[in-house]
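> Before I ask anything, here is the structure I am working with.
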Amino acid sequence: MNHQTQTLSLEHFVSLEELSNQEVMSLIKRSIEVKENPSNIGFDKDYYVSNLFFENSTRTHKSFEMAELKLGLKTIEFNADTSSVNKGETLYDTILTMSALGLDVCVIRHPDIDYYKELIASPNIHSAIVNGGDGSGQHPSQSLLDLVTIYEEFGYFKGLKIAIVGDLTHSRVAKSNMQVLKRLGAEIFFSGPKEWYSSQFDEYGQYLPIDQLVDQIDVLMLLRVQHERHDGKGVFSKESYHQQFGLTKERYKHLRDTAIIMHPAPVNRDVEIASDLVEADKARIVKQMSNGVYARIAILEAVLNSR
């Protein structure tokens, strides 16, 4: 390995819940270090990785690809549409095959919650598993890039007031973030349609209408309305959702001077956020995308350090 500062070693990367606060902070600081000194990365041997995405993705998929290229990894192409999955091959057998072929890392996005548990429990699968999102379960790499973005802005988490707003029930981003942010000392609030709020969130924070939050918070974390995961529960027109729960131009005026706006993207413009605000001064949405590459470099380094 060319660099000396990255010492964190992880067998797999499937959920931030499984990492200690120290390990999470190590990943955050390494991400920022890579961003500030991108020449200080790489390995002195070849590693092989494949990105196996069974759900649509732009940012996660392409930023993992970019991270892999920057690290000098050998990427093996995988397309679910042209693979034996269409012949009925299970995810387990697909990854068993990839492991047998000698892949060091499998980055996977799959619609099944906790799909990775069977894979990491298998004595015959030797590839490191990196979770690129499991249905409406977890999205740990997105959560890490969000943490990096917040830490870059404020330099701490303890005492920060963070509102997570929108499609809470269906959001793997929300689940990953509420858990780790509370653990790191942030004060969490929730808002959005009550139909998409569950009592399971009560242990992490308090639900309040968005108009009671905008002038009180440090971070406004908006969530995409996930139409593809809805079963008809809580149907809103774009206009009504935006006016009731979205970041309108009027609500934007009430944000603190130091507050920032975040969104995991893709953004439904004029639904979760007014289109003109996506690149506003307080918005960090584009920065999140950029930070995704550095966060995923840190993740890949950590799992390859255990090889």
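One-based numbering along the chain as shown.
The backbone N, Cα and C atoms fix where each Cβ goes, glycine too.
This is the feature table in Swiss-Prot:
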- Arg59, Thr60, Arg109, His139, Gln142, Ala265, Pro266: carbamoyl phosphate binding site (BINDING)
- Lys87, Arg172, Arg224: L-aspartate binding site (BINDING)
> Among the binding-site residues His139, Ala265, Pro266, report those whose Cα falls within 10 Å of that of Arg224 (L-aspartate binding site); none is a fine answer.
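Matched binding-site residues: Ala265, Pro266, sequence order.
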> Looking only at Arg59, Thr60, Arg109, His139, Gln142, Ala265, Pro266, the residues listed as binding carbamoyl phosphate, what is the longest Cα to Cα distance in Å?
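16 Å is the greatest Cα spacing among the residues binding carbamoyl phosphate.
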> Using the Cβ centroid of Arg59, Thr60, Arg109, His139, Gln142, Ala265, Pro266 as the reference point for the carbamoyl phosphate site, which residues of the same chain not in that list have Cβ within 8 Å?
Ser57, Thr58, Gly133, Val173, Pro264, Gly292
> Ranked by the number of other Cβ atoms within 10 Å of their own Cβ, which of the binding-site residues Arg172, Arg224 ranks first?
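The most densely surrounded of these binding-site residues is Arg172.
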> What Cα-Cα separation, expressed in whole Å, is found between Ala265 (carbamoyl phosphate binding site) and Lys87 (L-aspartate binding site)?
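So the Cα of Lys87 (L-aspartate binding site) lies 32 Å away from that of Ala265 (carbamoyl phosphate binding site).
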> Have a look around Arg109 (carbamoyl phosphate binding site) and count the other CB atoms within 10 A of its CB, chains all included.
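For Arg109 (carbamoyl phosphate binding site), the count of other Cβ atoms within 10 Å is 24.
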> When DSSP states are folded down to helix, strand and coil, where does Arg172 (L-aspartate binding site) land?
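DSSP call for Arg172 (L-aspartate binding site): helix.
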> Whole-number Å distance between the CA of Pro266 (carbamoyl phosphate binding site) and the CA of Arg172 (L-aspartate binding site)?
14
> So, in DSSP terms, is Arg59 (carbamoyl phosphate binding site) helix, strand, or coil?
helix
> For Gln142 (carbamoyl phosphate binding site), which of the three DSSP-derived states applies: helix, strand, or coil?
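SS state of Gln142 (carbamoyl phosphate binding site) = helix.
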> Helix, strand or coil: which one is Lys87 (L-aspartate binding site) in, per DSSP?
helix
> List the Cα distance (Å, whole number) between Arg59 (carbamoyl phosphate binding site) and Arg172 (L-aspartate binding site).
15
> Give the sequence-ordered list of residues that share a chain with Thr60 (carbamoyl phosphate binding site), lie 6 or more positions from it, and have CB atoms under 8 Å from its CB.
Phe53, Arg109, Gly132, Gly133, His139, Ser141, Gln142, Gly292
